[in-house]
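Notes for the one structure printed next.
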Amino acid sequence: MSTAHLTIDLDAIAANWRALDRASASGVQTAAVIKADAYGLGAKRVAQALARAGARRFFVAAAEEGAVVRQALGPGPQINILSGHMAGDTDMIGDLDLTPMLNSLDQVTRHLEALPGHAFGVQLNTGMNRLGMDEMEWEAVAPYVLDAGPELLMSHLACADDPDHPLNEHQLARFHAMTDGSGVPRSFAATGGILLGPRYHFDLTRPGVGLYGGRPYEAALPVTTLSLPIIQTREVAAGEPVGYSCAWVAERPSVIATLAAGYADGLMRTLSNAAILWDGSTPCPLVGRVSMDLITADISHLTEIPRYLDILGPHQGVDDLADSAGTIGYEILTHLGARYSRRYVEGGA
Ligand SMILES: *Cc1c(COP(=O)(O)O)cnc(C)c1O
């Protein structure tokens, strides 16, 4: 096959979920965050694999994503919508039994008027200043909202990937002040929060990136392999350039491989002259600019021309590639291209 292959190890995702479930304090439920198409890896297949591993609660960003997950899982598992109850989403939330995390007084009013008695949670702002009700707003409406029976009170940490950041303790204190004594189950920790320890776990943890093999969960099993086919090879003489803008010039006679993937497939231009590709365990530097559909690598040192080079795999995870690109693993994952032929590994197969 001529296209690039993306192999997604669903067993590794399930194993990462189980490991994060064990890392969550005893009695704490572990949900799974599968927003943005499960961080680019395919919400349907990932949700089904995690449900088989025992996950009963899922978080997505938007109601439309929730609809995909409900269709994949059928009735039963709880699907929480982080953007809450937005205008126009009422039918989807009602019909598909989605649970919005209400972020504002507007959303509370909309939800309780449009779908009285329908499940909901509340997101509180403890210092990230992105989504959720502020302390003053919450104080004013808490008695009324708590009376309507929320399933969950949640908040999100801004700096959990930095254990020494003072905002962590500050947000924790605010979350306690806003929710202690409410009697409602609470959720505070994503992947980074789980690693901060049990004081951050409350009743439900919500890992995302750790499931997919990303930092800050260093113990994660790798999930993705991305193999790019070599379309053509050529010899270039010392002094000859390769690719747009002559951004790389051969210092010695070299063998250059041209591979079928580029920035339209999520390989950012910042990987130009920076990333490494792999022939098994032999590194081959990406040379020159990343083009829309093509990249070029120096394979002068290989004794045989392989059919593929890997840009994600056992020797280079999403964070390693992110470091080369000057970004984070989350962005590498969610940019994985639509043109890749995707293969899911499951059941030890
Ligand atoms: C994305 C997100 C998560 C998951 O975060 P990770 O760092 O990927 O574990 C959890 N909660 C909220 C509110 C989020 O937006």
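Backbone N, Cα and C atoms are what each Cβ position is placed from, and that goes for glycine too.
Among the features that TrEMBL reports, active site, proton acceptor is placed at Lys35, Tyr244. If you look up TrEMBL, you'll see Arg130, Met292 marked as substrate binding site. What TrEMBL records for 223-345 is domain 'Alanine racemase C-terminal'. Per TrEMBL, N6-(pyridoxal phosphate)lysine is recorded for Lys35.
The structure, with features from TrEMBL marked on it.
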| residue | record | DSSP class |
| --- | --- | --- |
| Lys35 | active site, proton acceptor | helix |
| Arg130 | substrate binding site | coil |
| Tyr244 | active site, proton acceptor | helix |
| Met292 | substrate binding site | coil |
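In the predicted model, the domain 'Alanine racemase C-terminal' (223-345) shows an average pLDDT of 97. Summary: among the recorded positions (Lys35, Arg130), the fewest other C-beta atoms within 10 A of the C-beta are counted at Arg130. In the domain 'Alanine racemase C-terminal' (223-345), helix, strand and coil residues by DSSP number 23 helix, 48 strand, 52 coil. Counting only same-chain residues six or more apart in sequence, the Cβ atoms lying under 8 angstroms from the Cβ of Met292 (substrate binding site) belong to Gly262, Tyr263, Ala264. Counting in whole angstrom, Lys35 (active site, proton acceptor) lies 17 from Arg130 (substrate binding site) by their C-alpha atoms. Cβ neighbours of Tyr244 (active site, proton acceptor) (same chain, under 8 Å, six or more residues apart in sequence): Gly288, Arg289, Ser291.
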